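Annotated in Swiss-Prot:
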| type | residues | note |
| --- | --- | --- |
| BINDING | Phe10, Ser11, Gly12, Gly13, Gln14, Asp15, Ser16, Thr17, Thr18, Leu19, Ala20 | ATP binding site |
| BINDING | Cys190, Cys205, Cys208, Cys211 | Zn(2+) binding site |
Amino acid sequence: MEQEICVVSFSGGQDSTTLAVWAKKRFKKVYLVGFDYAQKHSVELECAQKIASLLQLPYEIISLDFLENITRSALFKNSNDLMGHSHVQNKDLPNSFVPNRNAIFITLLHSYAQKIGASNIALGVSQADFSGYPDCKEDFIKSIEHALNLGSNTAIKILTPLMFLNKAQEFQMAKDLGVLDLVIKETHTCYQGERKILHAYGYGCNECPACQLRKKGYEEFQTKVLFQ
C-alpha cells in the first residue's frame, strides 16, 4: 500500500503544479507539502492553496521563516538585493539562490514521507532549463536520496520527472495532462510576487529571471504548436 503514496514538493508554481497532476494520475494517494521561508513571492502560497483545492489534494505548509536569519538571498523579504546579479557568498551563483534550500526541503519531505508511510517523493526540479541552482541537478538529488535513506534505514524514492525537460516541454506536458489553462492562469512563478497582469505565459512582472525563463519557454512551446 505504501508504494501507492507520494509526497509532492508543492510551491504553486508551473513545475510543481504540473508535477502534482502527474503524481495524481500515478498514485492512489498524493500529499502536497509547501514551504514558507519568508520569500518575497509568498503569494505563491496562496496560489498553492487554491490549486490544491482545485485538484482536491491535501496541502500542508511547513514554516521555515528562520532561513532569512541564517543565510542570504535576494528572494527573502528582508533583502534589498536586486535580482539578476551574482550571489554575495558565491559569485558563480545568481543572488536568487538560497543556500541549502533544497537540501532542507528534501530532508523535511523525507521525514514527512516516513510519517505517513510513503515510499515516494516527487520534486519539480530540472537541470535542462533552470536558474543556475546546483541543488536542482540530478547528481545532487541522487546523492541526497542515498544519504537520507542511509541515515533513516529506508528506501524512499525521489522522483524527478521534469529533470530533463525545458520550460517549453513542461508547457507541452501540462497540455498533455489537460491542465495548461490551470498552469497559465493559476500558478505563480514571478520572484517579485506580481499578479496584476496576465501575460500569455501567466502572471508576472515580465522582468525577473523567473518570468523571463517562463516567457521564453512559452514562446518556444507556442512555436512548436504552430508547426505541429
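Note: Cβ is positioned from N, Cα and C throughout, glycine not excepted.
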Alpha-carbon spacing, Cys205 (Zn(2+) binding site) to Gln14 (ATP binding site), which is rounded to whole Å: 16
Around the Cβ of Cys190 (Zn(2+) binding site), the count of other Cβ atoms that are within 10 Å: 25
Cβ atoms near Ala20 (ATP binding site) (within 10 Å, other residues, all chains): 27
Nearest of the binding-site residues (Phe10, Gln14, Ser16, Ala20) to Cys208 (Zn(2+) binding site), judged by Cα-Cα distance: Gln14
CB-centroid shell, 8 A cutoff, Zn(2+) site Cys190, Cys205, Cys208, Cys211, site residues removed: Thr189, Tyr191, Gln192, Glu194, Gly204, Asn206, Glu207, Pro209, Ala210, Gln212
Output field, ATP shell: CB within 8 Å of site CB centroid, site Phe10, Ser11, Gly12, Gly13, Gln14, Asp15, Ser16, Thr17, Thr18, Leu19, Ala20 dropped: Ala48, Ile51, Gly124, Thr187
